[in-house]
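Chemist: Found this in Swiss-Prot, in case it helps:
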- Y8, R14, W39, K45, Q52, L53, Q65, S66: glutathione binding site (BINDING)
- 2-81: domain 'GST N-terminal' (DOMAIN)
- 83-204: domain 'GST C-terminal' (DOMAIN)
- Y4: phosphotyrosine (MOD_RES)
- T62: phosphothreonine (MOD_RES)
- K103: N6-succinyllysine (MOD_RES)
- K116: N6-succinyllysine (MOD_RES)
- K128: N6-acetyllysine (MOD_RES)
Amino acid sequence: MPPYTIVYFPVRGRCEAMRILLADQGQSWKEEVVTVETWRKGSLKSTCLYGQLPKFEDGDLTLYQSNAILRHLGRSLGLYGKDQREAALVDMVNDGVEDLRCKYITLIYTKYEEGKDDYVKALPGHLKPFETLLSQNQGGKAFIVGDQISFVDYNLLDLLLIHQVLAPGCLDNFPLLSAYVARLSARPKIKAFLSSPDHVNRPINGNGKQ
């Protein structure tokens with residue numbers, strides 16, 4: 001039986017980064033898909049610590065909060081930098097990813113039609129810090145922190161992939177980020193996952209907007 005279980009809605013949402021991570025690390029996991037109808041009944045929601053999904057099970061450990069789950073996997077699988085300095089940088093970058101993801105979620109679920117143009121115009125300013133970070137690490141030819149992959153690489157990759165759907169060409173003026181996405185997406189296990197029905201057929205968001 002797979003050691004990990006993801007309990008979530010039938011979307012990529014906040015779980016696709018951890019799925020990409022698990023796939024790339026050769027880990028197996030089980031999906032328990034929760035429909036909106038089931039969720040609205042309230043019985044599952046009442047058992048969730050913060051009243052929200054995802055819920056993640058690692059053996060007898062149950063976790064909520066997607067970034068806590070990513071950090072747990074980072075520690076468990078050696079994806080948290082090679083020392084405390086790198087771990088601090090990984091945390092910093094992950095907070096930056098979360099900031100932009102929250103902006104994206106607000107756009108998708110509350111003001112997509114009226115807010116998309118302004119969001120896309122402001123997007124370069126939000127992407128620039130990640131380009132800068134890459135430029136400061138081995139000329140952008142490695143990972144976002146250090147010389148080995150960390151959990152934040154998977155989170156950033158997912159964030160960039162969904163923004164390429166929202167705003168095709170958004171990385172055209174960011175050559176390091178563009179190469180970074182191509183490089184990570186070409187890793188054999190990530191490439192296989194991104195081309196699999198599990199990824200391709202799963203909507204990005206729950207309301208059909210992307």
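Including glycine, each Cβ sits where the backbone N, Cα and C put it.
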Chemist: What are the non-local neighbours of T62 (phosphothreonine), defined as same-chain residues 6+ apart in sequence with CB under 8 A from its CB?
Modeler: K55, F56
Chemist: Within the domain 'GST N-terminal' (2-81), how many residues are helix, strand or coil going by DSSP?
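Modeler: Tallying H, G and I as helix, E and B as strand, the rest coil: 32 helix, 18 strand, 30 coil.
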Chemist: In the domain 'GST C-terminal' (83-204), how many residues does DSSP put in helix, strand and coil?
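Modeler: So the counts come to 92 helix, 0 strand, 30 coil.
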Chemist: C-alpha of Q65 (glutathione binding site) to C-alpha of Y4 (phosphotyrosine): distance in Å?
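Modeler: Here the two Cα atoms are 15 Å apart.
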Chemist: Mind checking which of Q65, S66 has the fewest other CB atoms within 10 A of its CB? They're the binding-site residues.
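Modeler: Per-residue Cβ counts within 10 Å for the binding-site residues Q65, S66 bottom out at Q65.
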Chemist: Report the nearest neighbour of R14 (glutathione binding site) in space among the modified residues Y4, K103, K116, K128, comparing Cα positions.
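Modeler: Looking at Cα distances from R14 (glutathione binding site), the smallest one goes to K103.
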Chemist: I'd like to confirm something. Which of the modified residues, Y4, K103, K116, K128, has a Cα closest to the Cα of S66 (glutathione binding site)?
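Modeler: That would be Y4, the closest of Y4, K103, K116, K128 to S66 (glutathione binding site).
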Chemist: For W39 (glutathione binding site), what is the tally of other C-beta atoms lying within 10 angstroms of its C-beta?
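Modeler: Step by step: centre on the Cβ of W39 (glutathione binding site), count other Cβ atoms within 10 Å, giving 15.
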Chemist: Minimum Cβ neighbour count within 10 Å among the recorded positions Y4, Y8: which residue?
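Modeler: Sparsest of the recorded positions Y4, Y8 by Cβ contacts within 10 Å: Y4.
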Chemist: Among R14, K45, K103, K116, K128, all listed as recorded positions, which has the most CB atoms within 10 Å of its CB?
Modeler: R14
Chemist: Fill in the CA-CA distance, K103 (N6-succinyllysine) to L53 (glutathione binding site), as an integer in Å.
Modeler: 19
Chemist: Sequence gap of 6 or more, C-beta under 8 Å: which same-chain residues meet both conditions with respect to L53 (glutathione binding site)?
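Modeler: Residues satisfying the criterion: V7, Y8, F9, V34, W39, Y64.
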